[in-house]
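Features of the protein shown, as given by Swiss-Prot:
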REGION    1-181  region 'Large ATPase domain (RuvB-L)'
BINDING   L20, R21, G62, K65, T66, T67, E128, D129, F130, R171, Y181, R218  ATP binding site
BINDING   T66  Mg(2+) binding site
REGION    182-252  region 'Small ATPAse domain (RuvB-S)'
REGION    255-332  region 'Head domain (RuvB-H)'
BINDING   R291, R310, R312, R315  DNA binding site
Amino acid sequence: MSRILDNEIMGDEELVERTLRPQYLREYIGQDKVKDQLQIFIEAAKMRDEALDHVLLFGPPGLGKTTMAFVIANELGVNLKQTSGPVIEKAGDLVAILNELEPGDVLFIDEIHRLPMSVEEVLYSAMEDFYIDIMIGAGEGSRSVHLELPPFTLIGATTRAGMLSNPLRARFGITGHMEYYAHADLTEIVERTADIFEMEITHEAASELALRSRGTPRIANRLLKRVRDFAQIVGNGVIDDVITDKALTMLDVDHEGLDYVDQKILRTMIEMYGGGPVGLGTLSVNIAEERETVEDMYEPYLIQKGFIMRTRSGRMATAKAYEHLGYEYNEK
């Protein structure tokens, strides 16, 4: 069973996100620093009648990297071709995609850190000089074919920017760090979603829901749907702060946006290792989760909220973690 606070896409959420997706930067809520920079770069590229420099968007899942890619294409007035790193298994797959691009088009590669090295190497000349050299045939009869490409913009999205090779990262002229959303922005997103789907919600309820959504629109919209169900069956259909608190408590989402897995991580650190330091591998084994899952899905939010510290010796639970879970904290 998937956890309610998982920031990866579940079920029909891709369709829901497409329905909610803003079309232009002025409609995009939050990520102001990234938006302000992109607005300038896009306008400058349009004035020069050039393709926008390649863009790298990085940050945790669910923060709107795919949405931002579509917004950029709309702002440029060009087509967007969408694919992902795991889908492009060999260089020929990438060549076929590049060959379909029109001048100025956007190629969006999600999970770009998962591109095979053989594919990544083809991208170098395509990104830098808009051409590719490919080998046709095999053995002594093989020959190199030079293909010119129209100017295009590559938008890469990744949750693990550190896994990108230096040569690939260096070819992105624009980088955008997608951060967890501020409470006010997330509240506005919840209210916008409720309005689009004709849900009746109070501002206080939207604010409480945003507070417990881990700074992530995808999670906020998912929780909103579950709270709506609760309001429909237990209440009178109106989503207010009382209904919201009851629903989220039933879903094991506390007032800091932590669920049972987050609390299990913190309790394990405190009860078994005296608050740490404890290695990530050891911690993962103790809570029966994959190391990569803990590192990518749980830890970033716990660090951002000040419940965990990274040290050279390992992870440590903070005084805030002790206080939140009701433990007495003795500073080491």
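Residue positions begin at 1 at the first shown residue.
Using the three backbone atoms N, Cα and C, a Cβ is placed for every residue, glycine included.
What Swiss-Prot annotates, mapped onto the structure for a quick look.
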{"residue": "L20", "record": "ATP binding site", "Cβ contacts under 8 Å, 6 or more apart": "R192, T193, I196, N221"}
{"residue": "E128", "record": "ATP binding site", "Cβ contacts under 8 Å, 6 or more apart": "R171"}
{"residue": "F130", "record": "ATP binding site", "Cβ contacts under 8 Å, 6 or more apart": "E148, L149, P150, P151, F152"}
{"residue": "Y181", "record": "ATP binding site", "Cβ contacts under 8 Å, 6 or more apart": "G30, Q31, L63, I189, G215, T216, P217"}
{"residue": "R291", "record": "DNA binding site", "Cβ contacts under 8 Å, 6 or more apart": "L280, G281, S284"}
{"residue": "R310", "record": "DNA binding site", "Cβ contacts under 8 Å, 6 or more apart": "I303"}
{"residue": "R312", "record": "DNA binding site", "Cβ contacts under 8 Å, 6 or more apart": "none"}
{"residue": "R315", "record": "DNA binding site", "Cβ contacts under 8 Å, 6 or more apart": "M269, G276, P277, V278, G279, L280, L283, E299, I308, M309"}
DSSP-derived structure type at T66 (ATP binding site), helix or strand or else coil: helix
Sparsest Cβ surroundings (other CB atoms within 10 Å) among the binding-site residues G62, T66: T66
Conformational class of R315 (DNA binding site) under the three-state DSSP mapping: strand
DSSP three-state assignment (helix, strand or coil) for R310 (DNA binding site): strand
Rounded mean pLDDT for the residues that make up the region 'Head domain (RuvB-H)' (255-332): 89
Distance in Å spanning the most remote Cα pair of R291, R310, R312, R315, given for DNA: 17
